[in-house]
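Noted in TrEMBL for the protein shown:
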type: COMPBIAS; residues: 1-12; note: compositional bias 'Polar residues'
type: REGION; residues: 1-23; note: region 'Disordered'
type: DOMAIN; residues: 56-444; note: domain 'Major facilitator superfamily (MFS) profile'
type: TRANSMEM; residues: 57-78; note: transmembrane segment
type: TRANSMEM; residues: 98-115; note: transmembrane segment
type: TRANSMEM; residues: 127-144; note: transmembrane segment
type: TRANSMEM; residues: 150-172; note: transmembrane segment
type: TRANSMEM; residues: 184-209; note: transmembrane segment
type: TRANSMEM; residues: 215-234; note: transmembrane segment
type: TRANSMEM; residues: 264-290; note: transmembrane segment
type: TRANSMEM; residues: 302-319; note: transmembrane segment
type: TRANSMEM; residues: 326-342; note: transmembrane segment
type: TRANSMEM; residues: 348-367; note: transmembrane segment
type: TRANSMEM; residues: 388-414; note: transmembrane segment
type: TRANSMEM; residues: 420-438; note: transmembrane segment
type: REGION; residues: 476-508; note: region 'Disordered'
type: COMPBIAS; residues: 487-508; note: compositional bias 'Basic and acidic residues'
Amino acid sequence: MPDASPATTARPSSEGPGVLKDSENVATSLERGGWRDFGFLPIPKHLRYDPARPFQFTMLLNITFGFGSTFTVMNLYYCQPLLIEFAKSFGVTYQDVSRIPTLIQAGYATGLLLISPLGDLVRRRPLLLLLVFTSASLSIGLAITNSLVAFETLCFLVGAVTVTPQVLLPLAADLAPPNRRASAMSIVLSGLLFGVLLARVIAGIIAEFASWRVVYYLSIGLQYCILVVLYVMIPDWPAKNKGKGVTYFGIMGSMAKYAVTEPVLIQASLINFASSACFSSFWVTLTFLLGGPLYNYSTLDIGLFGLVGMFGVALGPFVGRLIDRLIPWYATLIATTLLLLFGTIQTAAAGINIAAVIISCFGLDIGRQMQQVSLTTAVFEVSEAARARLNAVLIIAIFLGQVMGTAVGTTVFVRFGWRAAAGLSLGWTGWQLLILLIRGPHVQRFTWVGWQGGLEPRKTVVEVRRRQRLDEEQAAGIRGMGLVEGKGNKDGGEAPMEESHEVRRPPS
């Protein structure tokens, strides 16, 4: 891609000759190899980056991002309903195959930490193509190997490169216009959640009527199809921090710094940690609840409850539109309140009436999705150039919450029953609300505790007030400059004006 960073591709026309010079530099850079991925794969002409032609972020592209998330994240969850079949096929014990989901999740955590931050350093288009190609190719080994050790090793590697959704999410935020950013991210997140639920359903159904290997053959075909779709749909975009002296180890260090110095990121991570624990605890213990003496449902019946969750996920785009209209803090408040409401229903009646389970399943999916999108929206406002790193910190917090929720939720359910497990999740949700209320909706970036700036929830009103304040400050500055110029003239000279170095980012 062009050597110019996004912040220096085009300057305002008031700078005169600089416009032509920068445009010529970009054109020259494009001619030097910006038309190919990996140095040999041609980029379709309409997808090549050109600062003179603003790229339009269409709904079709947004849906492509969503499907890309769906069919890649499924890699992480195919194995869960297949463990018994693995034990039979490899001739090992249940204890041996129990390592498989742990290894694939460990690989995913490794990819989140070491691979997904690359979105802040390299061009996202070739990174996405490489990730999907690698995961699809490694899945061939999963489908054909007869060795448990080889299968486990490949599971770890597949998990590590299944971070495509975590590259697509910040890219959607970069490409979408500000008034559609939350909607764009909600569609990507909806695709991800669809994949989480759909993988279990598909794997369970296929394994019921055919070999478990068919599941992975299907995975291979889906991933290569997504690879082709991404090749013809994903636009090229400059590396965000190229030419700024940013290195891979510098990015890793700054990610660690963000994780301990940014109040809004820490607040969002703590809420996501607890919320993810509640979400994973609900879905894991739901299997015990429905399959136990209270309901005695079959495995297939339990698997179909994933479809109930899908109805909640399907409302994601509408949730995104609401978040686009609100200050993210208020959207998080609404979402957390919904989680409290439906968690209360779960705690009160999940073991008494199946309707309570269905209502909770639907409502918790809506609330969790709204909460995650609103928190991510708020965190992405911290730094446009560091969205991949900020997202990596958030997702790591979610992953750790899943681990805790699965382990602790299962233990509490087995020892004390369904109501204790649901009550624990309800307590975790109350803790989320407390963490949210520590910082108000309009506090300054580095304010850790407190409320300031009023209570206005509408984003448009806040934006108008901000512009008015900037206009007033600019007018005051001009008046002050006039006084300085008058003084300079009086002394026989003219006060020099400071040269503007403001630049225009690539159109989104």
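Heads up, the Cβ atoms here are built off N, Cα and C, so glycines get one too.
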Long-range Cβ neighbours of the transmembrane segment (98-115) (under 8 Å; 6 or more residues past either end): 75-76, 79-80, 83, 86, 131, 151-152, 155-163, 166, 252, 392, 395-396, 399, 402-403
Stretch with greatest number of CB pairs under 8 Å, the transmembrane segment (264-290) reference, 57-78, 150-172, 388-414 candidates: 388-414
Seg_contact(the transmembrane segment (388-414), the transmembrane segment (57-78)) with at least 3 CB pairs under 8 angstroms, min sep 6: no
Residues from the same chain, set at least six apart from the ends of the transmembrane segment (150-172), whose C-beta lies under 8 A from its own: 57, 62, 65, 68-69, 72-73, 75-76, 79, 86, 90, 99-100, 103-112, 114-116, 118-119, 124, 127-128, 131-132, 134-135, 138-139, 141-142, 184-185, 187-189, 191-192, 195, 237, 376, 380, 387-388, 390-392, 395
Spatial neighbours of the transmembrane segment (215-234) far in sequence, C-beta under 8 Å, 6+ residues away: 44, 47, 60-61, 64, 67-68, 71-72, 74-75, 78, 82, 124-125, 128-129, 132-133, 135-136, 139-140, 142-143, 202-203, 206-207
Maximum Cβ pairs under 8 Å to the transmembrane segment (326-342) - stretch from the list 57-78, 184-209, 420-438: 420-438
